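Per Swiss-Prot, the features are:
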- SER107, LEU108, LEU109, PRO110: (6S)-5,6,7,8-tetrahydrofolate binding site (BINDING)
Amino acid sequence: MKIFFVSSSSIALEVFKEIVKHYEVVGVLTLPDKPKGRGQKLSQNVIKLEAIAKNIKVFDPLILDDNILNLIRDLNPDLMLVFSYGKIFKKEFLDIFPKGCINVHPSLLPKYRGVSPIQSAILNGDCVSGITIQNMALKMDSGNILVQKNFKIKSCDTSYDISKLVSSLSPNLVLEALEKIGKGFLGIPQKSSEATFCSFFKKESGFVDFNLSAFEIKNRINACNPWPLARARLDYGDIIFHRADFLKIDLYKEKKVGEIVDFDSEKGLFVNTGEGILLLLEVQRPGRRVLDYKSFYNGSRQLIGQVFSSIGGVY
């Protein structure tokens, strides 16, 4: 089976490496190079670099015009495999592939159709999520399910953590799906009545409101790592939050919302909220390295009693 691989994200790298071992990958579609770093030099993503290293034809157009479509047709691909590309395809493009098109989606479809399934699962405090290998349909994330696998989300897991987990679990699931396709399996239709949807995170998604419950705040902090990163303000500047947990206790009701009320070397830095205690576990001052809560506290012993304020904006 000749496979045409489509991705622009490192989350798909392990799948790409595994597929190349078992199938003929005739081409790769990815996004154009992007400026990166202080010098804003154009940088190739890891999928493109890996494809070049394996001498696989790479397409990185701004738009899929007729010329690009014809070049892809000339490769005579049987099937397209898509994992985190970031654009929606027209029927004309999908019709190029006689054995169809499949997609790796990091949620238990039909839950969390859309662009931010990992972040949304964490933001909503889900304890379980998963991976779906689906046939692609014109309607976003609505195709028949070929393979699904669930996994647990721990309370302090971040989107970065879950992305790494998805990256490691996906290769075997894709191989299983391709084997099923080879045997004529058409997949199981989704229950559209159970579909939920998720949208893009914005920079403002990382603004923390300490009037919310500790549970809601820790979910937002963990969901926003690695982007846009949650943050709030102390007297001397912004503090970026990379990881958090929470306690269902209300021992500090007399304290201000957002006030740093305690430090526990085994649990974290305690912050009072609208309900419960937020445990800050990993934090950062802008331009400096990320610190665990112990190092942050040891470097700022006057933290207790200081009060975080929200930066503003809307979620």
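Glycine residues also receive a Cβ, built from the backbone N, Cα and C atoms like all the rest.
What Swiss-Prot annotates, mapped onto the structure for a quick look.
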{"residue": "SER107", "record": "(6S)-5,6,7,8-tetrahydrofolate binding site", "Cβ neighbours (10 Å)": "25"}
{"residue": "LEU108", "record": "(6S)-5,6,7,8-tetrahydrofolate binding site", "Cβ neighbours (10 Å)": "20"}
{"residue": "LEU109", "record": "(6S)-5,6,7,8-tetrahydrofolate binding site", "Cβ neighbours (10 Å)": "26"}
{"residue": "PRO110", "record": "(6S)-5,6,7,8-tetrahydrofolate binding site", "Cβ neighbours (10 Å)": "20"}
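According to DSSP, SER107 ((6S)-5,6,7,8-tetrahydrofolate binding site) is assigned to coil rather than to any helix or strand. Within 8 Å of the centroid of the Cβ atoms of SER107, LEU108, LEU109, PRO110, where the record puts (6S)-5,6,7,8-tetrahydrofolate, the same chain has further Cβ atoms from HIS105, LYS111, TYR112, ARG113, PRO117, GLY130, THR132, ASP141, GLN148, GLN190.
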